[in-house]
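Colleague: For reference, Swiss-Prot lists these features for the protein:
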- GLY79, THR82: Na(+) binding site (BINDING)
- 10-30: transmembrane segment (TRANSMEM)
- 35-55: transmembrane segment (TRANSMEM)
- 71-91: transmembrane segment (TRANSMEM)
- 105-125: transmembrane segment (TRANSMEM)
Amino acid sequence: MSINHPLSVLLVGAGGFLGTVARYLVALAFSPASPGFPFATFSVNIAGSFLIGFLSELAVSTTIVSPEARLFLVTGFCGGFTTFSSYMFEGATLARDGELFYFSLYLAGSIVGGFVALYTGIIAAKPWS
């Protein structure tokens, strides 16, 4: 199936819907417990980075993740689940509020943690590739 096939749009949209709902549920779960640090966004970005690495490696190296499943899971679900724009906004809010420790921890931790999670996902997929 080509990327401009109508089913491709539906797969990405359905995955994005589910990823967005999952992100919202994570935010609800974390909201009472994280008044100072944006743990929900941090968590979904780290988890999403792992998933993108894991699923992309399987899609490239095996037949376990089909091109259609990759559209649904990686482009759709993970695209809806991860939150770069929220990450930037929450980082700017921490800086504006003078929370320089949390600002630094959040931005650097998200980048380093995201990279480590992505690479870990790739390594975790290797037994199947």
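Backbone N, Cα and C define each Cβ position, glycine as well.
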Colleague: Can you work out whether the transmembrane segment (105-125) touches the transmembrane segment (35-55), with the criterion being 3+ CB pairs under 8 Å where the paired residues are 6 or more apart along the chain?
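Modeller: Output yes: the transmembrane segment (105-125) sits against the transmembrane segment (35-55).
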Colleague: Counting across all protein chains present, how many other Cβ atoms fall within 10 Å of the Cβ of GLY79 (Na(+) binding site)?
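Modeller: Its Cβ shell of radius 10 Å holds 17 other Cβ atoms.
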Colleague: Same chain only, sequence gap of 6 or more: which residues have a CB within under 8 Å of the CB of THR82 (Na(+) binding site)?
Modeller: GLY19, ARG23, VAL44, ASN45, GLY48, SER49, ILE52
Colleague: Please give the sequence-distant neighbours of the transmembrane segment (10-30): residues at least 6 beyond its ends with Cβ less than 8 Å from one of its Cβ atoms.
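Modeller: Hits for the transmembrane segment (10-30): 39-41, 43-44, 68, 71-73, 75-83.
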